[in-house]
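Per TrEMBL, the features are as follows:
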{"type": "DOMAIN", "residues": "46-290", "note": "domain 'Rhodopsin'"}
{"type": "TRANSMEM", "residues": "28-50", "note": "transmembrane segment"}
{"type": "TRANSMEM", "residues": "62-81", "note": "transmembrane segment"}
{"type": "TRANSMEM", "residues": "118-136", "note": "transmembrane segment"}
{"type": "TRANSMEM", "residues": "148-171", "note": "transmembrane segment"}
{"type": "TRANSMEM", "residues": "191-215", "note": "transmembrane segment"}
{"type": "TRANSMEM", "residues": "227-247", "note": "transmembrane segment"}
{"type": "TRANSMEM", "residues": "267-290", "note": "transmembrane segment"}
Amino acid sequence: MASVTEHSGGDMGTFEPDPSYFRIGPEAFTAAIFTFLAIAIVIAGIRIYLRIRAFGRLHADDYFMIAAVIFFAASTGVTQATRDLDYLQMSVAVGITLPDSTFQMKMLLYTKFNTAEYMLQWASIFCVKFSYIFFFRPLTSRIRPLQIWWWIVVAIVTPAALVTTCLAPWVCPYFGMDFLQHCSYVIDHERIILIVSTATDVATDLLVISIPIWLLSSVKLELKRKLALGTVLCLSIFMVIIAVIRYTLDSIPLKNGTTIPDTIWLFFWQSIESCVSIIMVSLTAFRSLYGHEQAKIRSKRRDYKYMDEESSARRGAVSKTPASYWSESRNQTFADEQNDELQVINVRAPEKTAETEWNARSIGMAR
């Protein structure tokens, strides 16, 4: 296990926690968080490659996802760097380890990195939320009620993201010796952060989910299209479940009958949430890319079919391509791209024109 060194550079010794006492041991914790990071990077890389290949550029939701991966990678690095301090702090808090003469200095260093770790993880999670929100923005651009609701969601999620991400330094804006002087016991500090962050996380997840739910209720779709979009919703609901699990199980009982937040368990589940959220938003984009590719294939097939018919006609007589053909072909291609993404069977009036528009935009073809 890595040694923990003093901030000034002196040796502070090595802490070896008892793995049997914690829900997850140090080595398993390290393996898990880096596995989550690797999965997120691979999935995000595939998404970026396919988006550039299909559309030749990235969109706002792609940039938010890239930022989420960067924040996730940074938080994983900080988490690994402070792993021994996390276990030491918890061991002393539950009474299985007695603090030595260097414990206070270690905790001063721990408060700094713990705050950075917290902010980076929540920045990653909320970047995914915004990626998801902006992915659905084109679908709402000409449906006035849904467009208004989209802006309401943005207006609520934005301050919630700022508050949650900056909650740790806001609750206790002190570091070093000032932290010990002005702030209450570190466990009480973490409990406040846990309650507020969980509440904002669940509330904003529900707001984000409301957008595709509105879309499902506005358009009649084929069963397989509903199942595809429903899968994305299930992943979103799974994120809410993760937040609830993180809160309900994030406690360790003490001998006096009270409980304290388990910071190790907290960071473990936040890593899971970051990974799952990146996968979720990537799968949403993969679905639109599939629709785009299917539309391109049908367009090529129509062109080949017309060329064969024209070649056959020339064998018997001179044939002239109708002037309206290419315009009609482009219109048909555009309509197929719309239908391939959502397969609209029956759109309720009077929103037919607007909803047909956002069906096309969902596969990235609108300008």
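A Cβ is built for glycine as well, from the same backbone N, Cα and C atoms used for every other residue.
Nobody curates TrEMBL annotations by hand; they come from automatic prediction.
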Which of 28-50, 118-136, 191-215 shares the most C-beta pairs under 8 angstroms with the transmembrane segment (148-171)? 191-215
Same chain, outside the transmembrane segment (191-215) by at least 6, Cβ under 8 Å from its Cβ: which residues? 118, 122, 125-126, 129, 132-133, 136, 139-140, 146, 149-150, 153, 156-157, 160-161, 163-164, 167-168, 171, 229, 232-233, 236-237, 239-240, 243-244, 246-247, 250, 260-261, 266
With a Cβ cut-off under 8 Å, give me the same-chain residues at least six positions beyond the ends of the transmembrane segment (28-50) that come close to it. 19, 58, 62, 65-66, 68-69, 72-73, 76, 79-80, 83, 264, 267-268, 271-272, 274-275, 278-279, 282, 285-286, 289
Tell me, what is the mean pLDDT of the domain 'Rhodopsin' (46-290)? 81
